[in-house]
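Student: Sharing the feature lines straight out of TrEMBL:
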{"type": "BINDING", "residues": "B:14-21, B:39-41, B:56-59, B:Asp88", "note": "GTP binding site"}
{"type": "ACT_SITE", "residues": "B:His55", "note": "active site, GMP-histidine intermediate"}
Amino acid sequence: MPDRAGGRLTFIIGGARSGKSAHAEILATASPSPWAYIATAQAYDDEMRERIALHRSRRGEGWVTVDAPLDLVGAIEALPNHQPVLIDCLTLWLTNHMLAEHDIEAECRRLSDALSRPRGPWFVVSNEVGLGIVPDNALARRFRDAAGRLNQHVAAVADNVLMMVAGLPLKVK
Amino acid sequence: MPDRAGGRLTFIIGGARSGKSAHAEILATASPSPWAYIATAQAYDDEMRERIALHRSRRGEGWVTVDAPLDLVGAIEALPNHQPVLIDCLTLWLTNHMLAEHDIEAECRRLSDALSRPRGPWFVVSNEVGLGIVPDNALARRFRDAAGRLNQHVAAVADNVLMMVAGLPLKVK
Amino acid sequence: MPDRAGGRLTFIIGGARSGKSAHAEILATASPSPWAYIATAQAYDDEMRERIALHRSRRGEGWVTVDAPLDLVGAIEALPNHQPVLIDCLTLWLTNHMLAEHDIEAECRRLSDALSRPRGPWFVVSNEVGLGIVPDNALARRFRDAAGRLNQHVAAVADNVLMMVAGLPLKVK
């Protein structure tokens, strides 16, 4: 059964180390297990491997982890209806598609279509990356623009939007 | 007639691709047309030309566009009283003055004086650029400081201040 | 006597030039003087010297300034109970410890332990630095992560958390 009280789609946005994943886990585990954790991270260096290991060790029993660095829509659709799902995170997924030189706009459209379907409860984590100085290099600017647009699309179809500030959720929608 | 319900001056701040302009257009067009759009952008490269064209194409009938990359105060004062005005955006205007090596403090003071006069409704868009890591180069740090101070001055004289997060307005004042 | 109405520990977070220090001073001076100002800044270049002088000149009579670039816990514990204390700011203190190659995690734990003790009223200022693009260099990334974690720990033990936006406080807790 979906957690109707919490809404179908909760979007958790925030900066680096703002407590997005930890808060999303608290929200997801308020529904009965098993919980699906869709990880978009690719462990291509030690820093990332450490981060993934840290996140994995924090999650305890009751979690099923699915790796989906690129085919996030496929991973979502393969899960049973009404299973609580935590997707962590959209900005890494976007990075993976940009590095693979895929059609970003088409991929983002497919994803926000998939997220607007009536299933869930879903808890989707993303980074806000647009509140610093304009980056020097064009790729970073392109990424920042794409991430901002993707976040807008997901927020538009979300039932709840939370902005994390120093580990605390600020209700935006 | 001014839109008294919405207040005289609404300040819309946010990050890159956070939906500032789109939201400001929705607010401005709640007042009767014609609406003035004061554009501060200068099309000095292709990326910027594309952005300007995109913004222009989104606005439909009923808009009068005024270009004011530097003399924003003059542009404001030339408009009829009580015409709804969207100013997009302060950070580009500040960039133009910095590149021209003008006296930033004096220009910012003139602008916030002009914005504190009892006309409107005005919808003023600006970027928040101070929430990332301290930039390496001194010019970027100087810009970041000037933008932060300008945003504080405008927010102080505004009736409403909205922080855009993923396309959604968060009421700050 | 502590200012019970305002709470024991108020945490003021925000970006560069968002009005954090000025707002913290307003809050602190609502309690009776003398007020302690614990400064963590080290004047190792002209830009920083200017900033320190500006902050110092804004504060008037009634303030006692204590410099604590590294031993912030010692400075806190040396003050009389229930004296209003403004700590400005945690991110500079963290920078100083990183430059000195100290054990950051241990230092942050000591500090958040000290801040969770029942004294005050305390007003603690920190920067949010995690809302821009991932920095290119590893040291900046490490700083960003450490600052984010420190901010979470302090926010967790704080009674009030305010996010400054263009000089205006947004209540987070």
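In case you wondered, yes, glycine gets a Cβ from its N, Cα and C as well.
Note: TrEMBL annotation is automatic and uncurated.
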Student: Hey, which of our binding-site residues B:Ala16, B:Ser18, B:Lys20 end up with a Cβ under 8 Å from chain A?
Tutor: B:Ala16, B:Ser18
Student: Far apart in sequence but close in space: which same-chain residues, 6 or more away, have a Cβ under 8 Å from B:Ala16 (GTP binding site)?
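Tutor: The list for B:Ala16 (GTP binding site) reads B:Asn127, given in order along the sequence.
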Student: Would you mind pulling the DSSP three-state label for B:Lys20 (GTP binding site)?
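Tutor: It is helical.
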Student: Ten-angstrom check, please: count other Cβ atoms within 10 Å of the Cβ of B:His55 (active site, GMP-histidine intermediate), all chains counted.
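Tutor: For B:His55 (active site, GMP-histidine intermediate), the 10 Å Cβ neighbour count is 17.
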Student: In three-state terms from DSSP, label B:Ala39 (GTP binding site) for me.
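Tutor: Going by the DSSP assignment, B:Ala39 (GTP binding site) falls within a strand, counted as strand.
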Student: Write out the long-range same-chain contacts of B:Lys20 (GTP binding site), meaning residues 6 or more apart in sequence whose Cβ is under 8 Å from its Cβ.
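Tutor: Long-range Cβ contacts: B:Ile12, B:Ile13, B:Gly14, B:Asp88, B:Cys89, B:Val125, B:Ser126, B:Asn127, B:Met164.
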Student: If you count the other Cβ atoms within 10 Å of each Cβ, which of the binding-site residues B:Gly14, B:Ala41, B:Arg59 comes out on top?
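Tutor: Counting every other Cβ within 10 Å of each candidate, the maximum falls on B:Gly14.
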Student: Once the chains shown are all counted, how many other Cβ atoms turn up within 10 Å of the Cβ of B:Ala39 (GTP binding site)?
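Tutor: Step by step: centre on the Cβ of B:Ala39 (GTP binding site), count other Cβ atoms within 10 Å, giving 21.
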Student: Note down the number of other Cβ atoms within 10 Å of the Cβ of B:Ser57 (GTP binding site), including every protein chain shown.
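Tutor: B:Ser57 (GTP binding site) is surrounded by 8 other Cβ atoms within 10 Å.
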Student: Which residues of the same chain, at least 6 positions away in sequence, have a Cβ lying under 8 Å from the Cβ of B:Ser18 (GTP binding site)?
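Tutor: Same-chain residues close to B:Ser18 (GTP binding site) (Cβ under 8 Å, separated by 6 or more) are B:Met164, B:Val165, B:Ala166, B:Gly167.
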